[in-house]
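To keep things clear, I will list the structure first and then write my remarks on it.
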Amino acid sequence: LNQTSLQPASFLLLGMAGLEDLHTWLSIPFCLLYIAALLGNFILLFVIVTERSLHEPMYLFLAMLAVADLVLSSSTVPKALSIFWRLSKETSFHACLTQMFFTHLSFIAESTILLAMAFDRYVAICNPLRYAAVFTHSVIAKVGLAAIARSFCVMFPTIFLLQRLPYCRHSIMPHTYCEHMGIARLACADISVNIWYGFATTLLSPGVDIVLIGIPYILILRAVFRLSSKDAQLKAVGTCSSHASVILMFYTPAFFSFFTHRFGHNVPHHVHILLANLYVLLPPMLNPIIYTMKNKLIREKVSQVLFR
């Protein structure tokens, strides 16, 4: 038998295995959160693109974050809703690889953008006189291209790592969407290369990012607490705390999902799948709300657009 004959024509996604009776009820929060994510990110993008006063580095980073959020949620949630509503549980092998690729690509790209935003805030607060010279429009464009190139280079090898595996017609996946290790575990061959590649890329891309993100915020807080003005201290702490909540909400369920594949054999499967859905759904919904509420200029521009 050649390799192609051992690849299933399609995969059958079961959704929340063990919670099938609750699929209809689970679809309600999934659908509402997804609609909120679409509306929030599209409105944020529209406002930033159309208002020339928002063509500044911080807002351009927010626009990039909105695009990454839209790709991340739209790569996964529609298929999950299709499963919950019993419309279609089947997905072709190549469609599954495509979904896996764009899901992880947008996650790594968003992680890179969050890192760039952390250094943007550090320069703006701790070295404001150099801000305009450091974050030019050329630099912003290069950061966006670097985010795409980095995520593409990390994820492209996984397509070949999965295509080389024989699956012996194993095609039932207890998940709501396709992800790298979820597909690899259906193979009837040694998947140690996939395991260690996924483990290494998790540590070396988002793992390194979260450490590097923490450094600018620690330096910002150290500089802020040296100020004599209590109002300035409270404002900076409020901004940092909102950014920290976005970061924790994004990385915590993602790392839980990644490391459960490697170490969490005793974690209930429905808990793993639920948290795997949280990191592709909650941050895209909450990011535009948090950043709009914390930024007076964006809040005013969004209000003008909504009530015009």
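Numbering starts at 1 and runs along the chain as it is shown here.
Positions of Cβ are set from backbone N, Cα and C atoms, glycine also.
Taken from TrEMBL, the feature domain 'G-protein coupled receptors family 1 profile' applies to 40-291. The transmembrane segment annotation in TrEMBL covers 25-48, 60-85, 97-119, 139-162, 206-225, 237-259, 271-291.
Tallying C-beta pairs under 8 angstroms between the transmembrane segment (271-291) and each of 25-48, 60-85, 97-119, 206-225, 237-259 places 237-259 first. The domain 'G-protein coupled receptors family 1 profile' (40-291) scores a mean pLDDT of 87 in the predicted structure. Away from its own ends, the transmembrane segment (60-85) comes close to residues 13-15, 23-24, 26-27, 30-31, 34, 37-38, 41-42, 44-45, 48-49, 91, 99, 102-103, 105-107, 109-110, 113-114, 116-117, 120, 137, 140, 143-144, 147, 176-177, 277, 280-281, 283-285, 287-288, 291, 298 of its chain (Cβ-Cβ under 8 Å, at least six residues beyond either end).
Here the transmembrane segment (25-48) has long-range neighbours at 16, 19, 54-55, 59-60, 62-63, 66-67, 69-70, 73-74, 77-78, 80-81, 84-85, 277, 281-282, 284-285, 287-289, 291-292, 298, 301-302, 305-306, meaning same-chain residues at least 6 beyond its ends whose C-beta is under 8 angstroms from one of its own. When Cβ-Cβ distances below 8 Å are used as the criterion, the transmembrane segment (206-225) is approached by residues 107-108, 111-112, 114-115, 118-119, 121-122, 125-126, 232-233, 236-237, 240, 243-244, 247, 251, 254-255 of the same chain, each at least six residues removed from its ends.
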